[in-house]
């Protein structure tokens, strides 16, 4: 029986090659998209799962409240927090701080020198919290000794090749000596924490002379591993005011985030985090698979007239309806299996491209249990779903109707609804793509308050300021170099902040105003072409300009001293006058608004040199490199372009935009196949009507009108549905941006016209063929 | 074997009612060969379809082998049909996607006959219809006469008690038509009851009895031969 079933299906498939090809291709495309998205989603949700006790690992984060009531959540916590939590709460088994080494360090050993900025400073508990396989050295407590360094396998191999380096010495910045205590396996790519080496906090104290007992400075990640069965909610509630209890004026509240949510979920309540993309693309996968299933349903039922006789005969000779349903379901499952085979080939071919698009190294792993499960699930649901309607519809034919020639049942409505759904989804995706691109374009082109183009910047080693003045003078001699400045951070990543600012007339409410802080050198304002509203920028013409402040408009407003120069403010314990007010500029992604900012000249903190260059960057950069290499032969010249960093802000969005565009195109193609199927049914069923109308005098235009009118009614309906859906979806998305576009009616009209045009072209040939067919041909078969 | 009592069939569309059968009372015994004749549109095929349980009467009773069947469910009809009735159509109605062998085998599949048994019986039926050499061909590769012989093979494969033939020679030339009629006559002689709708007087001559229909009424019943 099964053999005959298979035989029938395969013969049917072979006999109607074009139909089968369209159908299988549609399914294969749908399954390919779904598999690609599932592989990506699987990668995203696999982040950090390699840690053995991941469900016991938590990150402590701070909810900082701004004066206007906005809550901003950050992972930065005070240094003493980890130890304090461990001592006070029995639920905490291990606690560790983590902070990235600030800037580049020069490591030397075994006659080699390597400049690294991938170091992490951690407490010994770090290795008890996270599962990092130890290859050599102290397995239980790699940082037990305060003078040890732990290397990643990658860094160990760069220094020492394949040998066990435990016990050998690494010199840092030619000053500090650390002994290799252990070598750990590199973090896998799907890890939230990446590292090249680990250092103990002794280094932090020695090198940066940082007061590690200060509760007011937030620079550290705090990770906890809780005891088995610890009550997390209870603990989170208890630690909530832990910082406030130590700093009376602080409004910081602490909370816990499970580490398995670290990669995908944002700690900011009003931001969705990458999980949003995961959810959106899962939805897209389901939509595309649905569109493909609808397609199959459409095409399969469109052929019903051809299959009707077969069904009738089978019924006459004894087939029950159930058996026929089985036959058609088998057929759709076989189609899906063939589609799956093709899809796996497609996926294999497309994975590298898709990997580039998603910025992930994705692999197809057919032996993986989860993958097999997904495949079986896809085949069964797609097969059954796409086969269900044709099976029920076709098996419902009564033999007598077929024999009498009146077997056509009213499936037309359902198929029209399917096409309407397909088109609605495709058009909605198209509109979303347009809006996403428009918003990204807006963000990249909009006035950010300074000129980000043609800025080259270089990260320095610490304590470079002594050599900086000389370097600056030489750089300024290069033709094409217009301005040179230095700062502790570039305007793309301002991250320091403080509450500790005093000014005359400061109110109690203003205690909670958080100020961003930046240390900048002379000519900073000029280099970045910022607008000075009042006063001036830091300039050598006015002496050293230390203990002078430049603030932005927002800060002036918060301080209630709009446009007044010469006011005295106190930052920490430095008191000085405001010498300039700059127009607000964006020093973060435009998703975040502008906060109050204070700039001060503090040469010891400078870390970057910013250079404004002319349009023709390459020769200028080469000249800069030349001077650099002469001055710092040991330090590699790693320069960056500010505009590239700026684009990086929107990389996630930009990637999403590209993915959306790709999947929209695919959805459209499959939907057009569906429309093609619908129209082939319409032309088949209207052949007689058209022939008769022609016999009795209808001309070609009449017939075209007759056929197109009906179809366009449905396409218009799809357009309307898509408008509504996409409008609400995109309004919601745009509301996540501090600066956003208005969607505008243009995109909707464009989508409508394009859809109608695409629909027109898809069905033109079939309709034209029907219109031009000779009536006698059709009527002969009556 | 078959008895109809005041059988009425009315086709309704929105505005028109057409009475296809009007108070048809018939009795057909086991082993009979009955021909139904009459002008186009007189209700011949409708009557055959109702007897074959492919269609429902609007009113009246239909008895099959002593059971009253006009209100049977689709499932019951299917079961009754596959065990008792074989069909032969004017347009053969073979499934194009199946080979000759598979077409003939089809009813046995639905009767859950074992594979080896099926093979034996299909080969036997094909031999008998003199078409065994074409077993692996597809219907479209055969002549009309050959296709109708395959259809007859399919009709008899389940050893039905009744064969319903709707103009079995209507699409055939005279030589092929003759051959088909010989086969049906032979089946009848072996005990199968046959009811045949036909326009051809010569085909009707083969039957024991001719029922003449006109506008849905039975007008005459002529006994052709002694039983």
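Glycine is treated like the rest: Cβ placed from N, Cα and C.
Range with TrEMBL annotation transmembrane segment, chosen from A:694-713, A:714-733, is A:714-733. TrEMBL assigns the feature transmembrane segment to residues A:276-297, out of the candidate ranges A:276-297, A:298-319, A:452-473. Record note: among A:240-267, A:324-351, A:492-519, A:520-547, A:324-351 is the stretch given as transmembrane segment by TrEMBL.
In TrEMBL, the annotation transmembrane segment applies to A:371-397, one of the ranges A:155-181, A:182-208, A:209-235, A:371-397. Sequence-distant contacts of the transmembrane segment (A:324-351), counting only residues of its own chain at least 6 positions beyond either end whose CB sits under 8 Å from a CB of the stretch, comprise 5-6, 8-10, 12-13, 20, 23-25, 27-32, 35-36, 39, 296, 300, 311, 314-315, 362-364, 366, 375, 378-380, 382-384, 386-388, 390-392, 394-395. Each of A:283-395, A:427-600, A:662-771 was scored by its Cβ pairs under 8 Å to the domain 'MacB-like periplasmic core' (A:20-240), and the highest score goes to A:283-395. Relative to the transmembrane segment (A:371-397), the listed stretch A:276-297 leads the set A:276-297, A:417-438, A:659-683, A:714-733, A:745-764 in CB pairs under 8 A. Looking only at the domain 'MacB-like periplasmic core' (A:427-600), the predicted model's pLDDT averages out at 84.
The helix, strand and coil residue counts that DSSP assigns across the domain 'ABC3 transporter permease C-terminal' (A:283-395) are 97 helix, 0 strand, 16 coil.
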